[in-house]
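Participant: I'd like to ask some things about the structure below.
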């Protein structure tokens, strides 16, 4: 049975009187730090000099190199990209942790796959908002919140559970509700969702649909509209009310096609492939591949990225988006 915690069920403020170092000031970092600060907590930022360092200072924070921020803190929230966390932890965080400190993460990758192995005398917990940082911040300022997951990997103090819940409340997540999980469950489900559905699955489905239409002689521009551009319309409907709302909102022709043709595309063989992807996540094969490629300068990663950018759908999309001024208000600035 899933357990969900809300504002009123967080009885103890285990963060009270503690200094929090947020390491990193990117998408999640700025949201966590600003929400915690607005809720009255003592927050410092740990980050290397650069644009994010300057932005954090401009936003009114005391900003330090990572090692100096960690030295001051009781709770250290690590919000850096997965591939650099291990190095930063080893060089700048670990030497400055003290017994009784707490080490926190918004994604369990490096703890679950033993890239980071904290000492036994610190708490280790997870608070993972289920939305990007800009949404975590925006909903907070509007008086609502994004739901989150939380969990405890190591309870050295005997109070790590309350500390994790208090942190979740501190960033505003308990307004919407937070679900208890484990580092293992959060990491494996998150990676699977990204690889099999949200990123890997969807992009391959779209590309294959685009190629099928173009190879059959249809205009690439029409193919783009039908298999990529309109994806947002369908996803928005599912986001708002699940598959039921989506199917209620489309034509009977589209709904009938959904039922009779969907299973021809996503066959039982595809599900077996999904299970193989999940197995590679569970047994560490994917993590080891990612970690090794990172050590080798991401040679395979960059090669795959370049190949993906060379696909015809990229150029067609770029041209068509110039016809759509309504997409000028971008969520992400490159």
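The backbone N, Cα and C atoms fix where each Cβ goes, and this holds for glycine too.
Copied straight from Swiss-Prot:
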{"type": "ACT_SITE", "residues": "107", "note": "active site"}
{"type": "BINDING", "residues": "25, 26, 27, 28, 48, 52, 82, 83, 84, 85, 133", "note": "NADP(+) binding site"}
{"type": "BINDING", "residues": "190, 226, 230", "note": "Mg(2+) 2 binding site"}
{"type": "DOMAIN", "residues": "1-181", "note": "domain 'KARI N-terminal Rossmann'"}
Participant: Among residues 25, 26, 27, 28, 48, 52, 82, 83, 84, 85, 133 annotated as binding NADP(+), what is the maximum Cα-Cα distance? Answer in Å.
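Facilitator: Pairwise Cα check on 25, 26, 27, 28, 48, 52, 82, 83, 84, 85, 133 gives a maximum of 20 Å.
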Participant: Taking each of 27, 82, 84, 226 in turn, which of these binding-site residues have a Cα lying within 10 angstroms of the Cα of residue 107 (active site)?
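Facilitator: So the list reads 82.
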Participant: Have a look at the binding-site residues 48, 84, 133 and say which one has the shortest Cα distance to residue 190 (Mg(2+) 2 binding site).
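Facilitator: When the Cα distances are compared, 133 comes out closest.
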Participant: If you average per-residue pLDDT over the domain 'KARI N-terminal Rossmann' (1-181), what number do you get?
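Facilitator: Taking every residue of the domain 'KARI N-terminal Rossmann' (1-181) together, the mean pLDDT is 97.
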Participant: As a test of the contact definition, list every same-chain residue at least 6 positions from residue 133 (NADP(+) binding site) whose Cβ is closer than 8 Å to its Cβ.
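Facilitator: Correct list: 26, 27, 28, 29, 30, 31, 32.
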Participant: Which one of these binding-site residues, 82, 230, has the sparsest Cβ neighbourhood, judged by other Cβ atoms within 10 angstroms?
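Facilitator: Comparing Cβ neighbours within 10 Å for the binding-site residues 82, 230, 230 has the fewest.
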Participant: In whole Å, how far is residue 230 (Mg(2+) 2 binding site) from residue 84 (NADP(+) binding site) when you measure between their Cα atoms?
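Facilitator: Here the two Cα atoms lie 36 Å apart.
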Participant: Note down the number of other Cβ atoms within 10 Å of the Cβ of residue 84 (NADP(+) binding site), including every protein chain shown.
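Facilitator: There are 12 of them.
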Participant: Cα-Cα, whole number of Å: residue 82 (NADP(+) binding site) versus residue 230 (Mg(2+) 2 binding site)?
Facilitator: 32
